[in-house]
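This report refers to the structure that appears directly beneath it.
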Amino acid sequence: MEKDTEELELENAVFGNINNFSSFLDKENETFDVMMNEAPELSEDNDAQEDELEKLEDAELFMFDTGSADGAKDSVPLDIIAGDNTVKEDEEASNEIPSIWEDSDDERLMISLQDHSRLRKLRQYEDEDMVNGLQYARRLRTQFERVYPVPEWAKKQDVTEEEDEFNALSEKSVIPKSLKSLFKSSVSYINQSSKLLAPGTINIKRLKDANFQAPSHSGIRCMSIHPYFPLLLTCGFDRTLRIYQLDGKVNPLVTSLHLRSSALQTALFHPDGKRVIAAGRRKYMYIWDLESAQVQKVSRMYGQENFQPSMERFHVDPTGKYIALEGRSGHINLLHALTGQFATSFKIEGVLSDVLFTSDGSEMLVLSYGAEVWHFNVEQRSVVRRWQVQDGVSTTHFCLDPSNKYLAIGSKSGIVNIYDLQTSNADAAPKPVTTLDNITFSINSMSFSQDSQVLAIASRGKKDTLRLVHVPSFSVFRNWPTSATPLGRVTCLAFGKGGELCVGNEAGRVGLWKLAHYD
């Protein structure tokens, strides 16, 4: 059966046409013959090279690299094998940018290129073996740049003298010195903790107890934060001063000092951070020099012994110049912090409850048990102001924020009044901006955070009695502490500079929490 026209066309499209293929092959052969005729000299050279290679022995065609230079009679340059990309060491050394730091041992260091198979590619001659450290580093760099060439954007651009002068002139005229000082460092100048803290709930997490590595054998009576470093000082009736490093993970004990003759009531870091002042219910106190490890005993206040039965309660002004001792019958005695010598004394009417200094040390505030506040000028030894706490009775403790704006006064009934000293009239008694009644037991501990946004108030009259107050809104955080928060009977409080909250209790533990807002 003969194939019709449609079937033949389909067969040619799928399998091709043998006649067309033969004619195409003949045309290709003719083209190849023409090219060979046009280049007769090239073909003769190739034939000559093939004849020469056929006459060579197999041993002459190949070279076995054994890694040793003993059997090598002639040193064949390996630059030929590497090609034109090989850079001579002398040229490369001259083109290198001078290093900022150089190691003198690099020139004395000798490295063998024959012992390690991976280093043989760095040789320039077959029998080359030992190179110094500088040559070795230079060849490694060259080998790397062969595989990964330097991109155009990383190459140093040639700057003409005119462009250099123009850039220097524009830099001097546009960028002032103050901006240049900022650009020299990569330190962040934005303080994330300066943002306002939101009221209502607080994000807080518990860390390992601050004194976990070396717990106290008695209740914690007083705590103090180092003015410059994350260090915590604790003291108690076990007669031991302990300093811990607050890292939140281990909190290691840095050092400790045992004073056999005094059950300690108060211990504070001096504002210079180099000394610790401690005292118990005795007529003397100790000044511990942390740098020299020397302990100085201060005693015998001449002329004031009758009004100072003990030195167990004292305060150090922020300038580090004076130590204020709480005495009997409303007396406050000031000592020179460096020498321990008596400086002067102040007196109020009634029973003394608490003493504090303003942040600049210019004024001393004294609280009486009869709900009266006295302002003294320290240098002039005079009364600046005196006012009565509104609806106050049996005031026990007060606290001033670092900005000298808010004054919190606690009472025996648990009421806490907060006053704004900067907006109040100096001639009249200030009015409280808010009154907190969340605690119904005597207030014995209060502390402001470093940015004055959080106020912690506590009482040891009942277990787990502590509240955190959002100062801008004067509201109590409702989510912390919870009924499961292990606080115990709180005896003292302290805020760290990084948002750490230290809580000491009668069981001798110092709980440590971290406010996430200050991370």
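First residue shown is number 1, and so on along the chain.
Glycine too: its Cβ is placed from the backbone N, Cα and C atoms.
Here Swiss-Prot flags 26-66 as repeat 'WD 1'. For 71-111, the entry in Swiss-Prot reads repeat 'WD 2'. For 216-254, the entry in Swiss-Prot reads repeat 'WD 3'. Here Swiss-Prot flags 259-298 as repeat 'WD 4'. If you look up Swiss-Prot, you'll see 306-345 marked as repeat 'WD 5'. According to Swiss-Prot, the repeat 'WD 6' annotation covers 347-386. The annotation repeat 'WD 7' is assigned in Swiss-Prot to 390-429. If you look up Swiss-Prot, you'll see 438-479 marked as repeat 'WD 8'. Residues or ranges marked as repeat 'WD 9' in Swiss-Prot: 485-519.
Contact between the repeat 'WD 7' (390-429) and the repeat 'WD 8' (438-479) is supported: at least 3 Cβ pairs lie under 8 Å, counting only residues 6 or more apart in sequence. Below 8 angstroms of C-beta separation, residues 207-210, 260-269, 271-273, 276, 278, 280, 288, 491-498, 500, 502, 504-510, 512, 514 of the same chain, each at least six residues beyond the ends of the repeat 'WD 3' (216-254), sit close to that stretch.
Counting residues per DSSP class in helix, strand and coil order gives 0 helix, 17 strand, 23 coil for the repeat 'WD 7' (390-429). Across the repeat 'WD 9' (485-519), the model assigns an average pLDDT of 95.
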